[in-house]
Amino acid sequence: MEAAKPRLRVRINDSYVKVARLVAGLGVATVCEGALCPNIFTCWGEGTATFMIMGDTCTRGCRFCYVKKGVPEPLDPLEPYKVALAVDALGLDYVTLTSVDRDDLPDGGASHFAATVRAIKRLRPDTIVEALIPDFQGVEEHVRLVAASGLEVLAHNIETVERLTPLVRDRRAGYRQSLRVLEIAKEEGVVTKSSILLGLGEDKSEVIEAMRDLRSVGVDILVLSQYYRPSRKQLPVAKRYSLSEFRELAEKGLRMGFAYVVAHPLARTSFKAKEAYLAAVRRVEAEGGGRRA
């Protein structure tokens, strides 16, 4: 039987309305809306948002994702500044950037990502910036361009276990390729993060193995969440994990050495992002290192 998404009672407060109006007014997009994120009211209600840059149309066809697929529009050269203006107007001290895949662009959009980070830093130097990036087809120089742009956190999701990757993700993605992206980012000295969706048909032992693989390339922050089928066009849910199973996996992750583990059915990559980043920084400081993990 397909797992049903929990029904939540939410309150739309003034902060939510402020974010919604500002985002619409500047013509910038958020993944909160585009991917039907279950935490939209929580995050927007706290005056935070994850901005989706480079359009709303993805060049890939991952079988779990609700984001529109097709031929994207050309990039908006003013978008980095529009996003920076939105971040400044909202007074955010932590912002997450993400995007669709743009395999139609020579660098996959890496330079656009970097320009957006720099634009934010020019207006708000103390704002912590996280970028949840595509794999840029595994091209090392493109990953390094974003990782060295001045951000604090680089996230890239492996999404699922190695065995299911060909079924779940687009054929141009790769499990080992994604691990290498995270390894390159860590070489640039930034905090790294990755997420795994549970309930796509994996065994728990495969999840633990994927967690070990992430630690082997130095990933600091792990996010585990339940897969919910956005529509009948996506893969069905194979299993619904219990809260106790999430707690068990979180405990295993902490024992493996992750600085922070977000494990909850409704968790997404940007959920509790600031809290997770600060935990990673505290770990580095406790070990006698610098600011970055």
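Just so you know, glycine gets a Cβ as well, placed from its N, Cα and C.
What Swiss-Prot annotates here:
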- CYS32, CYS37, CYS43, SER270: [4Fe-4S] cluster 1 binding site (BINDING)
- 44-259: domain 'Radical SAM core' (DOMAIN)
- CYS58, CYS62, CYS65: [4Fe-4S] cluster 2 binding site (BINDING)
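Shown on the structure are the features that Swiss-Prot records.
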| residue | record | DSSP class |
| --- | --- | --- |
| CYS58 | [4Fe-4S] cluster 2 binding site | strand |
| CYS65 | [4Fe-4S] cluster 2 binding site | coil |
| SER270 | [4Fe-4S] cluster 1 binding site | coil |
Whole-number answer please: how many Å between the C-alpha atoms of CYS62 ([4Fe-4S] cluster 2 binding site) and SER270 ([4Fe-4S] cluster 1 binding site)?
20
SER270 ([4Fe-4S] cluster 1 binding site) versus CYS58 ([4Fe-4S] cluster 2 binding site) - Cα distance in angstrom:
19
From the centroid of the CB atoms of CYS58, CYS62, CYS65, the recorded [4Fe-4S] cluster 2 site, which same-chain residues not already listed sit within 8 A by their CB, in sequence order?
ARG60, GLY61, PHE64, TYR66, VAL67, LYS69, VAL100, ASP101, ASP170
For the domain 'Radical SAM core' (44-259), the mean pLDDT of the predicted model:
95
What does the structure give for the C-alpha distance between CYS65 ([4Fe-4S] cluster 2 binding site) and SER270 ([4Fe-4S] cluster 1 binding site)? Integer Å is fine.
16
